[in-house]
Amino acid sequence: MSSTTTQAFSLKTRQAVDEDALLTEEDRVVKEATKGEDCTTRRRACKNCTCGRAELERKMLAEGKKVEMPQMPAGGCGNCAKGDAFRCATCPFLGQPAFDNTSDGKVKLNLTDDI
């Protein structure tokens, strides 16, 4: 049985990799991030509002009309109470801490002594 040994890697024969050769033309195209069409997931207009919602709210307040807050949609995936790691992208509770959805909106405090 003859065994031939071949080196899998040698520092002497290592060639520098041309980083530009790794990218394709499709990779080089700069892609712009897209913004959502509406801001119905927020209760108020953003500080730097660009969609026109801030102007609409100011106009309605000047006319003496009540600014109607959009209804927060109920989550459809059923994972809203578990936390951001389990929530869908359109969850109205995104960014909020996990909660107990069986408590009817009441906060449970643990007031027992540790001693």
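Glycine residues also receive a Cβ, built from the backbone N, Cα and C atoms like all the rest.
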Feature motif 'Cx2C motif 2' in Swiss-Prot, mapped to one of the ranges 60-63, 88-91: 88-91
Where Swiss-Prot places motif 'Cx2C motif 1' among the ranges 29-32, 69-72, 77-80: 77-80
In terms of DSSP three-state secondary structure, what is the assignment for Cys51 ([2Fe-2S] cluster binding site)? coil
Compare the C-alpha of Cys49 ([2Fe-2S] cluster binding site) with the C-alpha of each of the binding-site residues Cys77, Cys80, Cys91, and give the closest one. Cys91
Relative to the Cβ position of Cys80 ([4Fe-4S] cluster binding site), how many further Cβ atoms are located within 10 Å? 21
Tell me, how many other CB atoms lie within 10 A of the CB of Cys88 ([4Fe-4S] cluster binding site), whichever protein chain they belong to? 12
Ten-angstrom check, please: count other Cβ atoms within 10 Å of the Cβ of Cys46 ([2Fe-2S] cluster binding site), all chains counted. 11
